[in-house]
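What follows is a set of notes on a single structure, which appears directly below.
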Amino acid sequence: MSQLMSRWEKKALQMAAIIGIGTYPTALLAFHNGLIDFGRRAIVYNVSDEIVDMVESELDKLKSLLMKANIAVTDSLDPEWRGGFYFRNGFELLLPLRAVAKNLSELPKMKQIVNVKTNGFLLGKKKFLDTTTDIGKHIFDDYFLSEAARRFLIRRELIRANSRQFILVPVFMWILLSSIVCLSFICLMRYGRIVSYGSLAVLIPLAAVFFQNAMRNFFSQSEMMLDYDACADSPEYVEGARQYLNSSAATNLRIRNAIGDLESEFIAANGDSVGDSWPYSKRLKALQKLAAEQSQKKNSTTNNSHE
């Protein structure tokens, strides 16, 4: 093991490094272009004209968004997305069932229509709720979303669709970190297998942890800004956001009881999803602050107009 690497071994490792750098960006772009699915699970559901009209209405309000938006349904408690208005195939908005259905009778007759996940940007466990049980089939009782909550949700995701940062930042961070690991390994090849492979064994786990933490911080900040941007124009969106978040936390607590998650592996005792980088409780506090600022600004404007 102490001998130096052969020429062909070095070339093979350099080729592996190039492949490693490009794997995640290529897979991410392929996913958002609709070429692969990444295990995404959409539910076959006939979205009503009311929801379609609501999406078109919010698109009209955001005049800079001129591309198409496809609407689908996800088994996640929160909306999911794919693509963007800067992709050729447009943006796919996957709304949660409680946003498209108004009551239990409109839910699809499927055994598993809700999933929850643990923390982890690249890796994480998922658990599906059996909605045919007595507890499972009443998960959404009283927690279907109001029109105000739906509008907030749709507006927020449409704003996301127009932002390239949710694609570019993860890609850039991956390329940067993987390049550092690969260059370090290549530079240490001259010292033999023990040193070079030893450095690789240390650098890869460190880079993976750093990447996951960096992405969690990035998404936490970005999701917070999405809430602010979606609510900036009108107090109605703030109220819709409040209704949506309270409903989500309450529904999560029912799911927690239904799956017996007493150790909070998936859902915390306050209704936060463990896998969320910007959880419901923090979002509610931030929205309360935003609502107070909007109210203060409105009162200040009113007082100035009376003077």
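Heads up, the Cβ atoms here are built off N, Cα and C, so glycines get one too.
Taken from TrEMBL, the feature transmembrane segment covers 12-31 (among others). Remote same-chain partners of the transmembrane segment (12-31), defined as residues 6 or more beyond its termini with a Cβ less than 8 Å from a stretch Cβ, comprise 5, 37-38, 40, 82, 167, 170-171, 174-175, 178-179, 182, 185-186, 189.
Feature annotation from TrEMBL assigns transmembrane segment to 166-191 (among others). Tertiary proximity for the transmembrane segment (166-191) is limited to same-chain residues at least six positions away from its ends with a CB under 8 Å from its CB atoms, namely 4-5, 10, 13-14, 17-18, 20-21, 24-25, 28-29, 32, 84, 160, 199-200, 203-204, 207, 210-211, 214-215, 218, 222.
What TrEMBL lists as transmembrane segment is 197-215 (among others).
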